[in-house]
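**Q** Below is a structure I'd like to ask you about.
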């Protein structure tokens, strides 16, 4: 009997302890401070938002209809078949594979250039960023990409197209600066395009995972296999012709969807919050505008204030119109001063430095983009290359910038005042007057939800198809560019020792093989980035990609065409200076991951942990029940992220070194130093005839490259450039 009683006591004690632990765990799951957590009841079947914030639990979003997955599958199948069919246009010739026989007309050049800039970054990443932050945080992506095409058309396209005996952009560097610079540029370009491909695989993977119902990682690998297969079959022919088909199917859908939503969505941004019982409306200069809008009534505890009209808007639990009070004075589709005033989004921080850095990185870094310049080489004439860039840039603006408006529209349906909103309860912010529940948690799939649940199904499916096909058009260009550069500009350097390793005849197959490890590496980056990186969102990898090119290749590229006798030493040191500066600053500048340059103002303070169990300051409660931030301090810290400073500093270092070395050598009348591999040379790119320069493997000894007229082609090219500049 005693043994039985003691056993029962032990069981009761353990049960009590477990219940207590579970209760505390339930409380600390919402708020870590046990003292604050104890003030809130842990209601069974509820959620932290309801227990702590008094807000309804987020309403889940249903999966998309099956039809969206079918539409995406059909679009991908059509693109694959068109791309694979172009295998028969290549005829085994490298020039056909790499630059489409230099035969593309204006309309195809324009579409392919536009296709390379309009992808999941400029559309899905754009909408995601403008939804999470604001208009220009997304719009800077198409602004930068479109600007790069405009600048390329003005300054570089005609020169690139007029180049002879080149298949890739590094070939242009080889003709001016020699093997060493060619290899360095090739390495930088491959790293850049691995990031570009990874970014597009992330975008496509997110969509395919959403509509097909399997993991993002599996969707990324599926996309890689599809795009790789048709790209290596037809090369630039497959890329160009699929761009046309993808444009007809997809970009038109993105264009129609964006302008339809802008014309028909009212409001275009969340209006002032209607609030909930006990919510106090803001008094804007005493005009009572928002109070009058919602027919507010005098507050119970302070009759001079205006409160939510519960009898009118919430007569019963079943008939209650409320929101979360997240927009006291409403939102706006665009804040015109967002790019000029770091307090433009007050009370929220404005990432003005990141926005401008993004425009510079994409606008200038893309000038050294392999895919852009490959299309310029493939154009029939220099004028077609020029006008193609200008048209492609205008097209990028016309389609991409309106998509930033989709962020404000998405916030109406899935923003902090929507029924789907989720808030982190263990957060405070004095500027918002919130002792708890201060941090809104954006829905990573909000824009996809909008496309599949809140717009006409036809338009939503058409836009989804457009995003996927646009991403495919950029991904295939990236795969082709990486394989081409690796085989043609890096592996062919071994012909000094093994002339028969990579010849003009087997270059095409070597390129196809090279795409396998490079594309696999990009896919691994995409899968890792999606699953483990806290910044795992479309758009960011695009900026990383051309940050690499901005730091290393842009300045010597301009030197190719705008310097008389550009110096190989200047190019080499410029590339090294930019790369070293960018690398050092990446690891020495403070970066907290929020992309906000520090400003000593309250808007640039991060949220802190929950500070009090009292009511927020905008509640109709007695003064003693309202949070006083001076007594119960919210422990915040200043944002500190110098992202962007490193990118612009690297460009400045690269430019300064190039100009300084070029100037010194002009004054000296000779090179500062001479190293092997810094002598200009030209590769043989023909497959149908022997190397006219007389060396197996397609490369003449440096300094002995003569064309049919007996003149040194390198010097002729530089002379033509100088005359054109003059």
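FYI, residue positions are counted from 1 along the chain as it appears here.
Just so it is clear, glycine is given a Cβ too, placed from its N, Cα and C backbone atoms.
Feature annotation from TrEMBL assigns compositional bias 'Basic and acidic residues' to 708-720. According to TrEMBL, the feature region 'Disordered' maps to 686-726. The signal peptide annotation in TrEMBL covers 1-26. Annotation comment: TrEMBL describes 65-90, 97-118, 138-157, 183-212, 218-237, 244-262, 351-372, 384-405, 459-486, 507-529, 541-563, 647-664 as transmembrane segment.
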**Q** Which sequence-distant residues neighbour the transmembrane segment (647-664)? Criterion: at least 6 residues beyond either end, Cβ under 8 Å.
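**A** Those are 357, 360-361, 364, 547, 550-552, 554-556, 559, 563, 566-567, 569-571, 573-575, 577-582, 585, 672, in sequence order.
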**Q** Determine which recorded stretch among 351-372, 384-405, 541-563 has the most C-beta pairs below 8 angstroms with the transmembrane segment (183-212).
**A** 541-563
**Q** Restricting to the same chain and to residues at least six past its boundaries, which positions have a Cβ under 8 Å from a Cβ of the transmembrane segment (351-372)?
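**A** Those are 113, 116-117, 133, 136-137, 140-141, 143-145, 147-149, 151-152, 155-156, 168-169, 185, 189, 192-193, 338-342, 344, 389, 474, 477-478, 480-482, 484-485, 542-543, 545-550, 553-554, 557, 595-597, 641, 643-645, 647-648, 651, in sequence order.
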**Q** Using a Cβ-Cβ cut-off of under 8 Å, list the residues of the same chain that are 6+ residues beyond the ends of the transmembrane segment (541-563) and lie near it.
**A** 121-122, 125, 141, 155-156, 159, 169, 172-173, 175-177, 181, 184-185, 188-189, 191-196, 198-199, 202, 358, 360-362, 364-369, 525-526, 529, 570-571, 574-575, 578-579, 581-582, 647, 650-651, 654-655, 658, 662, 721, 725
**Q** Six or more residues out from either end of the transmembrane segment (459-486), which same-chain residues have a Cβ under 8 Å from its Cβ atoms?
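**A** Beyond its ends, the transmembrane segment (459-486) has Cβ neighbours at 67-68, 71-72, 75-76, 79, 83, 98, 112, 115-124, 167-170, 186, 189-190, 193-194, 196-197, 200-201, 203-204, 207-208, 211, 223, 226-228, 230-232, 235-236, 238-239, 242-243, 245-247, 249-254, 256-257, 260, 370-371, 374, 448, 450-452, 511-515, 518-519, 522.
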**Q** Do any residues of this chain, six or more beyond the ends of the transmembrane segment (138-157), have a C-beta under 8 angstroms from a C-beta of it, and if so which?
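**A** Tertiary neighbours of the transmembrane segment (138-157) are 113-114, 117-118, 121-122, 125-131, 355-356, 358-367, 369, 372-373, 376, 379, 382, 385-390, 392-397, 399-401, 403-404, 407, 539, 542, 557-558, 561-562.
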